Amino acid sequence: MVKPLPRLRLQGFNNLTKALSFNIYDVCYARTEEERQRYIEYIDEQYDADRLTQILTDVAEIIGANILNIARQDYDPQGASVTILISEEPVIDKKQAGKELISDAVVAHMDKSHITVHTYPETHPQEGIATFRADIDVATCGVISPLKALNYLIESLESDIVIMDYRVRGFTRDVKGKKHYIDHKINSIQQFLAKNVKSRYEMFDVNVYQENIFHTKMHLKDFDLDQYLFEERAKNLSFKERMKIETLLKREIEELFHGRNLSE
């Protein structure tokens with residue numbers, strides 16, 4: 001739960017911009033080129049624009065935002081994008097979102113409050129590794145907090161690795177003229193994760209408190225080879241094959257978690 005600071009009487013609108021960014025990775029091993037292609041097709045179907053729209057619509061509901069407009073697109077050969085414009089106050093009926101022209105007042109608000117997702121399936125050309133990355137951004141202006149959607153987003157996607165950034169920008173002024181650069185208490189993004197999520201992941205923080213920048217990386221603690229194999233079972237592989245695949249997968253996970261290639 002996001003704990004606000006003692007209630008402030010503001011001069012006008014709360015001008016703080018809060019932005020939560022996710023990189024979520026799913027890692028898989030598919031032995032043959034045909035299996036890797038089927039993995040891409042599977043991911044493309046699982047996370048098409050319709051499914052992503054539903055996830056982001058749920059996010060808007062969770063954080064208490066009103067939907068202004070929805071734009072979505074599936075790409076050829078793979079991938080999808082969805083952008084939802086949101087506000088604190090309802091402007092048009094939810095059923096009409098994406099069907100009506102938006103007023104100038106709403107257009108002026110677009111760059112401030114939105115939820116976006118882009119997907120990036122890809123495969124290694126030789127080694128059998130296949131990955132799916134979803135980039136999600138939730139940016140709000142005012143009292144709405146994107147942190148409320150943390151756990152839902154992690155659970156909604158196949159999250160082997162999660163990289164999160166949260167920042168608060170701008171200021172809001174109280175009736176006495178004093179500027180406030182944040183309106184809630186936070187020491188770490190981890191504060192807002194559910195216990196069952198924290199118990200499953202190893203987590204690492206890099207926070208710059210004086211700049212209101214918070215960064216958390218997570219990867220699953222337990223490694224079950226069957227969870228990473230596509231159209232295959234570990235029991236059907238030789239010991240040598242299992243060790244080779246496990247080494248490849250663990251290396252891929254470490255490199256994605258740290259954001260750099262490891263030396264051979």
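The backbone N, Cα and C atoms fix where each Cβ goes, and this holds for glycine too.
According to Swiss-Prot, the active site, schiff-base intermediate with substrate annotation covers S113, on the basis of sequence analysis. Within its own chain, S113 (active site, schiff-base intermediate with substrate) has A65, L85, I86, S87, E88, A139, T140, C141, G142, I144 as residues 6 or more apart in sequence whose C-beta sits under 8 angstroms from its own.
The active site, proton acceptor annotation in Swiss-Prot covers H118. Secondary structure at H118 (active site, proton acceptor), taken from DSSP and collapsed to helix, strand or coil, is strand.
In the three-state DSSP reading, C141 (active site, proton donor) counts as strand. The active site, proton donor annotation in Swiss-Prot covers C141.
What Swiss-Prot lists as pyruvic acid (Ser) is S113, and the listing cites sequence analysis.
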Can you give me the same-chain residues 6 or more apart in sequence from H118 (active site, proton acceptor) with a CB-CB distance under 8 Å? G79, A80, S81, A134, D135
Could you tally the C-beta atoms, other than its own, that fall within 10 angstroms of the C-beta of C141 (active site, proton donor)? 22
